[in-house]
There are 4 protein chains.
Amino acid sequence: MPTETTAPDRLTLAGREYSSRLLVGTGKYKDMAETARAIEASGAEIVTVAVRRTNLGQTPGEPNILDILPPERYTILPNTAGCYDVETAVRTCRLARELLDGHNLVKLEVLGDEKTLFPDVIATLKAAEELVKDGFQVMVYTNDDPIVARQLEEIGCIAVMPLAAPIGSGLGIRNPLNIRTIVENAHVPILVDAGVGTASDAAVAMELGCDGVLMNTAIAAARDPILMASAMRKGIEAGREAYLAGRMAPKRFASASSPMEGLFFQP
Amino acid sequence: MPTETTAPDRLTLAGREYSSRLLVGTGKYKDMAETARAIEASGAEIVTVAVRRTNLGQTPGEPNILDILPPERYTILPNTAGCYDVETAVRTCRLARELLDGHNLVKLEVLGDEKTLFPDVIATLKAAEELVKDGFQVMVYTNDDPIVARQLEEIGCIAVMPLAAPIGSGLGIRNPLNIRTIVENAHVPILVDAGVGTASDAAVAMELGCDGVLMNTAIAAARDPILMASAMRKGIEAGREAYLAGRMAPKRFASASSPMEGLFFQP
Amino acid sequence: MPTETTAPDRLTLAGREYSSRLLVGTGKYKDMAETARAIEASGAEIVTVAVRRTNLGQTPGEPNILDILPPERYTILPNTAGCYDVETAVRTCRLARELLDGHNLVKLEVLGDEKTLFPDVIATLKAAEELVKDGFQVMVYTNDDPIVARQLEEIGCIAVMPLAAPIGSGLGIRNPLNIRTIVENAHVPILVDAGVGTASDAAVAMELGCDGVLMNTAIAAARDPILMASAMRKGIEAGREAYLAGRMAPKRFASASSPMEGLFFQP
Amino acid sequence: MPTETTAPDRLTLAGREYSSRLLVGTGKYKDMAETARAIEASGAEIVTVAVRRTNLGQTPGEPNILDILPPERYTILPNTAGCYDVETAVRTCRLARELLDGHNLVKLEVLGDEKTLFPDVIATLKAAEELVKDGFQVMVYTNDDPIVARQLEEIGCIAVMPLAAPIGSGLGIRNPLNIRTIVENAHVPILVDAGVGTASDAAVAMELGCDGVLMNTAIAAARDPILMASAMRKGIEAGREAYLAGRMAPKRFASASSPMEGLFFQP
């Protein structure tokens, strides 16, 4: 994607390199076939699976999500969706490790309530600490709080995943300045997780300097999920390239002497 | 790009079909070689040329922009950049037609002042009327005024091109609701012209239902214009696909009972 | 309102000074009594009346709006609401002048369509020209187009009144940069007319440097119109004082070295 | 302020009623005289004082801030500005209690770093818990995280004070939806603390349903702090009245059939 002389632009997570910066979930599709086609169209190489809602082998005889996610092609990212306390979240990760033969990479989320699905950052920090000690490589869903993001990094999480907006809302990035501050302070990858609604939202996340975006509803709940998966793939690539290309500075007018700074208000 | 069974998604302008919905200018690049490489990377099939600032053959012996824009590959769109009155704009279009052997397709802009570069919609309407009568196929730059957009269509313009923001500002779409209203009322293609700053801005224009976007500074003034051209190409495609895919409705929370409408304010 | 040593801050229109910068309409109230109480609570000194919808004496025997608007207290501002062409608008102003014994001050609006109620700026310019020649003092409703605003001033309008958003929408100021540009270029008072929804919208208009705000639906369609009228009065005063007081420059963080300009994006 | 028949609208904090919903600080003024005049113009009845930066009697012989803040007129709200850990914050509150003869009301802030001044919500929760156990009435500065806000309420804080934007930034409310969610879930007063820049920002906070706003820099760093204090007073009142009055629902156009909900995007 970049110009010929530059090295390929890769996302590195847990020592592995990925070409795609779009991570997707498997929920809310019509059926397994649609799930598979949407994931294919998204170009994603990392697929997150809600351990408490999806059959990873816990229920023998039922369709297993792994059947459509061959491990040589996809990195499975078990997640703790639906967990509202430290203990359940930790136990869910351990179950996933068992089902996946020692797989250590997990996405932790500990939610604060069933209505808003906002993370409980206190419980999240505790669960992250336990999981890191137990040898997990923890990617962690959190609010867009720059101090909490730094604390999660200090605990040893390998990636921090602030929300754009509430899970399943499709509202896009509510507070770009916070996401930007998190990115500027980080020494681990920052991926926006939750709240993206359309392709331009994904592009904005990447233009802010994020390393990737994880989404599910924005694809699965589109009228045409397969086409939206392709749109998201391109939106992520567009935003990443724009970030690397270094955008022009916004000005009020084309003339050199019209910077926005002169204004007493922000547009 | 769309799902297999659908017809290819094409932009039709003046009876000709285009795969690309990104139109680019030729100004502000370091040199002709960079101009050529940026246009190549953008995937554009329509390239607009400022007749009063660019050599289309008026100055024999000087480098001619047509040398890097083979007519079998690109549609040349002469424009009237730098014109501040009806007469100059009309004369400029006629000069272009002569230089280009009867080529009738032009982009009309009549500016209101040198500082803001906002269009003078009164003069624009008059010039458009004259040019249509004189057999031109007029694509017309205008403000984001829905009534003026309709009047330009009624006069016979083949495409209406409202600004996102002032020319060269890079501020993105200042008034999405106006652009949306223009799109909903139109029977000719609507292309956003001017003011886009980065890839997500281009995606937003397409998600609003525009048929295309024309830009110059956002690519030429990026740190790496070639990479930004690629970003814009993908941003346009991402936004178009997202528009066709039908995005999820934004909600406050994932729960079915949390629409935004319930709010007394707009976020 | 300002500190003791400064001169009182007044709005001057057509040679007359006003303490209040809030102008209100009379439509959409439950009854005349509510209309009167809302106007009283708003502190307005200028009240606009839709000549084609309100009895100013055209229909003898019916309640006359002037009964609740004593001329020694209020400046009546007849308006051309509901006019969609030059001739009707001009005729309506003449009717108002007759009914009001030679009163020359009018608010001109010529609308483009019944759905959006956006102004038709071409027709507005023509009607304004005729009215000015005929001796009217014209305050003129228009789009937020800075070039059209300047042309209306050049024609001789005594005040230019760009919209914040469509009439009756309550969406607030859609394009603050355009309003700001209009204010910076103007030599006559600029008043925002239409689209304000709540008190903070009115304050924003004043903070942008506008000389006043005209509204109707935002007060009349509130749950408690009388209280909202008071809110709007205070919102206008708050915004005006904030404008005169000179707000702090926005920064990313309190530290001196964190201006917004350093950002490659606008929040 | 409300209509005659309603009860007066009061803010109740720690069992005491206040007419004013604007709380102000004492920092960054030119001198004590300007501080006093600005507080007077703001109409504030609660004044917050940074114990670590202001003389409340710790340094005998120096000017004491209490000299300009007579206790019969103002409620003093000692705050822990400049504290970056639990212990310092708790110790600072105890010092204030001593200096103020057993005064229990404090504003707690525990900051996460010196650059952003974002709160450390983990340390804030711990300090709040200690202080509540020790008999303090704790008003607490926090991020705009709805789950943390609820936890601070559950711990026994008497008011929760989410930021609008970073301290001293003047950026206004960055995430109105989060503030709104905090308000909807709360059983104690919610006051916006930090980040307000101008009068309309204060009005917006109140329109979201907040019970009050605390600010310092927005007044002290204005060109004319005294006039800005008056602007803020009116902005707060305007926003509160607009909230109580129940604003009109925003619509795309005045026609009944044009709600915003129909849009696939949020403006």
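The backbone N, Cα and C atoms fix where each Cβ goes, glycine too.
The annotation active site, schiff-base intermediate with DXP is assigned in TrEMBL to A:Lys107. Per TrEMBL, 1-deoxy-D-xylulose 5-phosphate binding site is recorded for A:Gly168, A:Ala194, A:Gly195, A:Asn216, A:Thr217. The domain 'Thiazole synthase ThiG' annotation in TrEMBL covers A:13-259.
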* Secondary structure at A:Thr217 (1-deoxy-D-xylulose 5-phosphate binding site), reduced by DSSP to three states -> helix
* Asked: Using Cα coordinates, what distance in whole Å links A:Gly195 (1-deoxy-D-xylulose 5-phosphate binding site) and A:Lys107 (active site, schiff-base intermediate with DXP)?
  -> 16
* To do: Show which residues of the chain containing A:Lys107 (active site, schiff-base intermediate with DXP), separated from it by at least 6 in sequence, have their CB under 8 Å from its CB.
  => A:Thr48, A:Leu77, A:Pro78, A:Asn79, A:Thr80, A:Val138, A:Met139, A:Val140, A:Tyr141, A:Met161, A:Asp193, A:Leu214
* Structure fact -> Contacting chain D at Cβ under 8 Å, from the recorded positions A:Lys107, A:Gly168, A:Ala194, A:Gly195, A:Asn216, are none
* Candidate with sparsest Cβ neighbourhood (10 Å radius) among A:Asn216, A:Thr217, the listed binding-site residues -> A:Thr217
* **Within reach of chain B, those recorded positions of A:Lys107, A:Gly168, A:Ala194, A:Gly195, CB-CB under 8 Å** => A:Gly168
* Asked: Per 10 Å Cβ neighbour count, which of the binding-site residues A:Gly168, A:Gly195 ranks highest?
  -> A:Gly195
* Asked: Same-chain residues six or more away whose CB lies under 8 A from the CB of A:Ala194 (1-deoxy-D-xylulose 5-phosphate binding site)?
  -> A:Leu117, A:Tyr141, A:Leu163, A:Ala164, A:Ala165, A:Pro166, A:Ile167, A:Gly168, A:Ser169, A:Leu214, A:Met215
